[in-house]
Amino acid sequence: MEEERSVNDAILKVEKAHTFIGQHHILQGISFESKADAVTVLIGRNGAGKSTALRTVIGLLPPSEGKIFFKGEEIQKKKPYEIARMGIGFVPENMGIFAGLTVEENMRVAMLVEDEATTQRLERALDMFADLRKFWKGKAGNLSGGQKQMLAIARAIVNDTSLLLIDEPSKGLAPIIVDAVIEAINQIKDHSVVVLVEQNFYMASSVGDYFYIMDDGMVVHGGIMEELVHDEGLKSKYLGISKTGD
Amino acid sequence: MAEATPVQIFHMEEKRRQYRSGGFFLKVGLLALFVLVPFLFPSFKTVDLAMQIIIFATLVASFDILLGYTGILSFGHGMFFGIGAYCVAFLVGKYGTPSYANLALGFVIAALVASVLALVISFLSLRVKAIFFAMITLALAELAIVLATKLSGFTGGEDGISLNMPGVLAVSFNAGNFLGLEITGRILTYYFILLACLGLFLAMLRFTHSPLGRVLQAIRDNVERAEALGYKTFVFQAISITFGCVVAALVGGLYGMWVGYVNPESCLGVLSIMLAILLMCIIGGMGTLYGGIVGAAFFMITETFLPDLQHLAKDFFPSAVLLHNVLERWHLVLGVLFILVVIFFPKGIIGSVREFIDRRK
């Protein structure tokens, strides 16, 4: 019973969060949670506030109202570096690569400690993304879009993160690279909980266990991904996907 | 013993390769050249030029830690250089007798004053936006010149302060002849400063190649991302600024030792010192440290020998009036050269050469 509850408990819980960017009220009281051992996908059209939701969780855009709990602890007033050190990894939409550093330096900067466990995680990440080993001493700014995305994900999983926030990993990538990213996320979910922001429904449905649909800064629907896959009405209404046109 | 991982093996091989590379031999050759300058070219002008290159290369490298490695523009670097020069000048000039203890104390005080001032400026300005750091340092640099000029009772005003070196570093010292070179106090001062600058340069290399240096470069590339990786970026920036400014102050003290005289214009001038540092850094290449050596050499050599070109032009092309007029205004030629370097080496000379080599790999 105890074991069952821990699996179902939310590792991340966002409660009625409001976030402003300048004078613009972007998140208008969103609530969602991410369950342990699962991938939760925030899905929605452009400008729905999905990326802002992730940036709010990591502390880059602190909420003006509402609460955010990570493993039961309130984090909405903490600084990004404090939140990151609690075990939350973040892969931003633009990948946030340190272009002037080499692939190796990017990875080493991400390693908050260089112990045996981190070294093993580094090797695991490099096994997952073989290209990174190949361009180990090359400038990260010279990598292709897909390789940059791989580096961004590898950097986020090199630490002992229990929650990984990934913002639109498929954006601008060729379909074959998207498949590689899907495979990587499926491997990552064995080690940490993932919250994914995604517009690409193919990717979202391939990796997601739960979903939340966002529209105009609000969460308008949530549930099990399997149900959304078969709900043509919901997909058509909020995601602009029709049975013939997706 | 645990078996080395592929990454560790790669790292070990890289280290072994490092000491066999052309770059390594180039650096050793350059150092040997500076060591041999007094023997090979014993004229005052050449030794002075080599010393100015060494001093400014180290100063520009310390500025590069701020601009190239941390992405912070400071207009106060010349001020820290001047503070160092004045601290040493006070101790072995105006307020103290020339002794080794006073000389060492001058450097200690210079480092302390620079670190406290750099920390205060960091705390006042960095929490807001990086641009405020540039504005505050510019204002402080101007203030420092005004104070150094107006508080003439304390600083010597525009007349400045003369330094008297102790013992073997004194101008009057002469230890006789060695391999055809007169071993004077000035020659020993040259080697003392060369050794000190080498030590400071190695310390800066260690700093930038340490995990801390990597974090600074990450902050330069993407502050937000570095913070989201778990780094309190403000603290790292403050450490970088303080380190760079302390090195600048120590170099300032060495400069005072070499020229034997400090005044507001030569040690604190925003235009005379700060602009030169900025130009040298851009010419050599930001974020490279070695760019400081190239930038300082380019700037110092052109500034020293360009005025001589007008005499050469008059000797070899006596009827080329236009050429004489242009070379008389040699600052104009220097400006054109600077523009050409920026156009053909957009990342500075070292930065562009490294990029070229990377592309060929």
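Heads up, residue numbers simply count up from 1 along the chain you see.
Note that Cβ sites are derived from N, Cα and C of the backbone, with glycine treated the same way.
Note: TrEMBL annotation is automatic and uncurated.
Through the fold, the transmembrane segment (B:24-43) approaches residues 18, 50, 54, 179-182, 187, 190-191, 194, 198, 290, 293 of its own chain, all at least 6 residues removed from its boundaries and within a Cβ separation under 8 Å. What TrEMBL lists as transmembrane segment is B:24-43 (among others).
Listed as Cβ neighbours of the transmembrane segment (B:49-67) (distance under 8 Å, sequence separation of 6 or more from its ends, same chain) are residues 34, 37, 41, 73-74, 77, 81, 190, 193-194, 197, 200-201, 204, 207-208, 216, 240-241, 243-245, 247-248, 251-252, 254-255, 258, 276-278, 280-281, 284, 286-293, 295-297, 299-301, 304. Annotated transmembrane segment per TrEMBL: B:49-67 (among others), in sequence order.
Taken from TrEMBL, the feature transmembrane segment applies to B:79-97 (among others).
Annotated transmembrane segment per TrEMBL: B:103-124 (among others), in sequence order. Listed by sequence, the residues of this chain that lie at least six past the ends of the transmembrane segment (B:103-124) yet keep a Cβ under 8 A from its Cβ atoms are 76, 80, 83-84, 87-92, 96, 133, 136-137, 140, 165-166, 169, 237-238, 241-242, 244-246, 248-250, 252-253, 257.
If you look up TrEMBL, you'll see B:131-149 (among others) marked as transmembrane segment. Tertiary neighbourhood of the transmembrane segment (B:131-149): same-chain residues 72-79, 82-83, 86, 121-122, 124-125, 155, 157-158, 241, 263-265, 268-270, 274, selected by CB-CB distance under 8 Å and a gap of 6+ residues from either end.
The annotation transmembrane segment is assigned in TrEMBL to B:161-181 (among others).
The annotation transmembrane segment is assigned in TrEMBL to B:188-207 (among others). Away from its own ends, the transmembrane segment (B:188-207) comes close to residues 31, 34-35, 38, 47, 50-51, 54-55, 57-58, 61-62, 65, 165, 168-169, 173, 175, 213, 243, 247, 250-251, 254, 257-258, 289 of its chain (Cβ-Cβ under 8 Å, at least six residues beyond either end).
Long-range contacts of the transmembrane segment (B:234-256) within its own chain (CB-CB distance under 8 A, at least 6 residues past either end) are made by residues 55, 58-59, 61-63, 65-66, 69-70, 72, 74, 76-77, 80-89, 106-107, 110-111, 113-115, 117-119, 121-123, 126-127, 133, 163, 193, 196-197, 200, 203-204, 207, 212, 215-216, 219, 262, 267. Summarising the annotation, TrEMBL assigns transmembrane segment to B:234-256 (among others).
Annotation source TrEMBL lists transmembrane segment at B:268-301 (among others).
Non-local neighbours of the transmembrane segment (B:330-350) in the same chain are 279, 281-286, 288, 290-291, 294-295, 298, 302-303, 306-307, 309-310; each lies 6+ residues outside the stretch with a CB under 8 Å from one of its CB atoms. Per TrEMBL, the feature transmembrane segment maps to B:330-350 (among others).
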Cβ-Cβ under 8 Å with the transmembrane segment (B:268-301): same-chain residues at least 6 beyond its ends: 27, 30, 49, 52-53, 56-61, 63-65, 67-69, 75-79, 81-82, 138, 141-142, 144-145, 148, 201, 204-205, 208, 217, 220, 338, 341-342, 345, 347-352, 354
